[in-house]
Amino acid sequence: MLDDFFIRALLAGTGLALTTGPLGCFVIWRRMAYFGDTMAHSALLGVALSLLFQMNLTISVFAVAAIVSLALLLLQKRGSLSTDALLGILSHATLATGLVIVSFMTWVRIDLVGFLFGDILAVTPQDVSLVWGGGILVLFAIVYLWRPLIASTVNPELAAAEGLEPERARLAFMLLMALVIAIAMKIVGILLITSLLIIPAATARRFSASPEVMAVVASLLGAIAVAGGLFGSLKFDTPSGPSIVVAALAIFLFSLLPWRRRAEEGAIQPDTGGHH
Amino acid sequence: MLQTNPSTSPPPLVSLSAAGVRRKGRWLVRGVDFSIARGEIVTLIGPNGSGKSTTAKMAIGVTRPDEGHVTRIPSLRVGYVPQKLAIDWTMPLTVDRLMTLTQPLRGRDIDAALEATGIRHLARAEVQHLSGGEFQRALLARAIARKPDLLVLDEPVQGVDFAGEIALYDLIKTIRNTTGCGILLISHDLHVVMAETDTVICLNGHVCCRGTPEAVSRSPEYLRLFGARAGQTLAFYSHHHDHTHLPDGRVLHSDGTVTDHCHPDDGHHHEDSLPVGRAGPMRIVHAHGPNCGCGDHGDEKPEGNPGTLQERGDA
């Protein structure tokens, strides 16, 4: 089964979507969309360093993303610049540094477009097992940390007062983000990772009555977007990463426009789906 | 000068000694001494920026003191209602789900807490749709549902109308009486202090004065800080509940009848038959005046307080 590149892509994409669902919810609740973007952009520096020192790509991307998020924490504590300015600096500084380092290495030829926009159709069986192995790890960690994460998202001081160690939860959250970015890079690419975090979660908000439901719905919507995007990519011969994002956007818009009134009155009728 | 209550023979839940917090070269508050025992209500009052919230956060370990010591009994269970809590609209959260934010609870404890705060009918409502007063009640319900040893309420009556304020203070008193927990209450409303408070601590970057509500309102330091008129307007607010508004909108009268409305002269109101002399849960300690110095009306500085205010800015 894994011999077929399309099945592999489907498996890798849905596996990734399952982890980006709950994580994306936290990105939205904590208003960290730009933060996610910054960590994703830093992945290119990770790519460059892994080529320079001939390290494992995933580990190197994870390490750089984790270091960037820790650097942000330290800079925030100094409090001399606003968070969005710091993010702007880190985001583009790491992206640019990565590009410069890559250009120095004349002896390697890398597919820059592949890293920026992903190449899900080229995933290997090893990639699939990495996605699922890493994804299950991330999901277990999220379930284990769920209460402290939710409580410190609502109010860190409240969580601290009632013994839930919000700083630990925040650190764990950043490491999980770094891990997911390292996993996701090959599938949707550095520039599009945040969209897979944010769009399904944003779509899920309207259909969810609790944080738990929202996390699950975001995962499912993400998986649908991956499948839809891949089939679209196959049918129309479009790039796969952007196609997945476009599919996610289509679901978001579809959830937004036609049945807003009815949904709010609790009378959601099964739609026989005329949007294809 | 601390608690002289003879029933505090077991160690206090929390005690602060010479504790202070410094941020960016400025002492937010320093030299704070007090302790809270089981069953005791301590109220912190003081102008804006006087370090009330900082002191409370030090007491419960959210903020570490930069000088002095804070000691808590081991495994102190805290219920906290922070001063500011905004739940992002992107997070779907019902009142029911809010209850178990920091720990799982039994259904009947949740129901009891919602019942006590009078918002049981809102259990399934999204917190973003609650009014300010309802939200405060939900936060209070959440804090008491976990049966804390120490309840810390940072301005719990903000956004609550006057009648609701009375009801909430009544409830706080009841919680103390039934559960025996210690309560640290922060009041921004200088003129309204719970009568059941055992100790009022008036802060202004340091402890300005302390004692029973009456003693504080008469102390020279308090008068210097908040203006001479503050002490003259000490008044009791006593109230009589002759009817209660039920969650479904009907009205329960003191004679036990239930009506749809509460018209003053529909025969259900029996002002004269109420027990006399029942003090309400609060008293007016100080009225709002142009020189009261509470910091609520512009930049005016309280007059005639050499020493007390100067210690802050120049540290």
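Using the three backbone atoms N, Cα and C, a Cβ is placed for every residue, glycine included.
What TrEMBL lists as transmembrane segment is A:6-29, A:41-74, A:86-108, A:128-146, A:171-201, A:213-234, A:240-259.
Panel annotation: around the transmembrane segment (A:213-234), residues 6, 9-10, 13-14, 16-22, 24-25, 120-121, 142, 196, 199-201, 203-205, 207, 240, 243-248, 250-251 of the same chain, lying at least six beyond its termini, place a Cβ under 8 Å from a Cβ of the stretch. Remark: the transmembrane segment (A:41-74) contacts the transmembrane segment (A:86-108), by the rule of 3 or more CB pairs under 8 A. With a cut-off of 8 Å between Cβ atoms, the residues of this chain six or more beyond the transmembrane segment (A:171-201) that come close are 12-13, 16-17, 19-21, 23-28, 33, 36-37, 39-41, 43-44, 46-47, 58-59, 61-63, 65-66, 69-70, 73, 95, 114-120, 122-123, 127, 130-131, 134-135, 137-138, 141-142, 145, 149, 214, 218-219, 221-222, 225, 241-242, 244-245, 248-249, 251-252.
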